Amino acid sequence: MHVAHLSLQDFRSYATAEVPLTRGVTAFVGPNGQGKTNLVEAIGYVATHGSHRAATDAPLVRQGTPRAIVRAGVVKDDRKALIELEINPGKANRARLNRSPVPRPREILGMLRTVLFAPEDLSLVKGDPGERRRYMDELLTARAPRFAGVRSDYERVLKQRNALLKSAAAHRRSPGPEVLATLDVWDTHLARTGSELLAARLDLVAALRPLVARAYAELAPHSGAADLTYRSSLGERVELSTDRGQLAEQLLGGVAEARKQELERGVSLVGPHRDELVLRLGELPARGYASHGESWSFALALRLAAFELLRADGDDPVLILDDVFAELDAGRRSRLAEMVAPAEQVLITAAVPADVPAELTGTTFDVADGAVSPRPTVGADSAVSSDVPGARSADGTDAGAVAGEAADDGEVTRG
C-alpha cells in the first residue's frame, strides 16, 4: 500500500497543494514552520480521520475559509483508489471514494493505513493513561475499522450514564426508583459495549507483547527488557475472562460494587475508559523511571510493533516519521532507519538534510515559502528532474497521478 498523490485545498497553511509520491522513501525538508508536518498530517487524517496535533478539526482549516479538502490517491495491490475528505468544522464531514459520495466518512476507514512516529509519541510513555488507551483503540480501528463504531457506541453510553450519575449527585439525596431503574439500563449497555472493547484490547495486548519486546531490544540492546500488561479498573483480584459474555458479567458486577461511590461522585468509575496499559522496563514501570532515551526507545517500539501487526494483517501501512530523527542519538537513529527502510513507503519530515539518515535514500522535496518542490537530481537539465517519480513535467502531465487527482495548473504544489 502506498500514497501516489496528495492534493490539498485550504488545509492548514496550504491554499492548494499537489504532491506526487511514490514507493520507497520520500523526505520533506525545510525550516520549521514551513508546512512539512501539514503534508504528512493530511495523509494521516485520511487514514484515521483525526490529527496527531489537534483535538478538533477546526485548526485543520485554513484561516478565513469554511472548509478544507484532502484527496489521496492510494494504490493497494495495483488497485487504485481516490479518497476525498471534506473537513467541515462544526458540521458533519463528507467523504468521497473515486469521486462518488459515501454515506458516512468512517465507511472508508481502512482503505489507507498509516503508522505515525512523532515527537508527541513520548506521551505514550510519560503521559497519562488516556494516551495509551488511545494508542490501543486507534490500532484496533486500523486493524478492523468496525471498531470505530464500537468506540463510538461505548462513548455514547458512557456520556449518557455519566449525565445520569452527575444529575443524581447534584441533588445530594438518595436517587429514586426511576433513576435507579434507568441506571440499571445504562449499566447493561455499558457492560455490553464495554466487554466488546475490553476483549479486543486484551487480544491486542497479547499480540503486541512479543513485538514490542523484540523492537525495544533492537533499538536499545543494552537496556532492560520491555514488557506491557493490561490493568483493568475491575481490580487485580478479578481475573479477566477471554469470553465476551463473561467479561460483560464481570463489568456488571464491577459497576454494581461501585454504584454507591459513583452516585456520590457523579462519574463512571468502572469500564475500559478507566483501564491502563502498563509499560515496564525490567521490574519497574517505564513511566517515572525510564530515562529520556529509554522512553524514546519504548515509544518507538510501540509504533514499530503496530507496524508489524498491521503488516501481518496483509500489507504494509505507510510509515510516517515526523521530525523524529532529530530527537534521537546517533545509535538509535541508525537502528530505527535500518528497521523502517524495508517498508513499502516511508515519509519523513526534517528541518535539514542531515537529519535524514543515510540509510534512508530516496526522493527529497524542499518545503519553503508555501511551495513544495522536488529537489533536482545531480545533472538534471530542468528545475524538475525527470528522475523524480511522479513529478509534473513542463506540459503538466503526471505519470504518478491516480485516476484524475493530478493538479490542473501544472505546478507541483503552491501554498
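Just so it is clear, glycine is given a Cβ too, placed from its N, Cα and C backbone atoms.
Per TrEMBL, the features are as follows:
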- 3-350: domain 'RecF/RecN/SMC N-terminal' (DOMAIN)
- G30, P31, N32, G33, Q34, G35, K36, T37: ATP binding site (BINDING)
- 375-415: region 'Disordered' (REGION)
- 394-405: compositional bias 'Low complexity' (COMPBIAS)
- 406-415: compositional bias 'Acidic residues' (COMPBIAS)
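Within 8 Å of the centroid of the Cβ atoms of G30, P31, N32, G33, Q34, G35, K36, T37, where the record puts ATP, the same chain has further Cβ atoms from T349, A351, V367, A368.
In sequence order, V367, A368, D369, G370 constitute the residues six or more apart from Q34 (ATP binding site) in its chain with CB-CB distances below 8 Å. Sequence-distant contacts of T37 (ATP binding site), defined as residues of its own chain at least six apart whose C-beta falls under 8 angstroms from its C-beta, comprise R53, D322, D323, T349. Taking each Cβ in turn and tallying the other Cβ atoms within 10 Å, the top scorer among the binding-site residues G30, P31, G33, G35 is G35.
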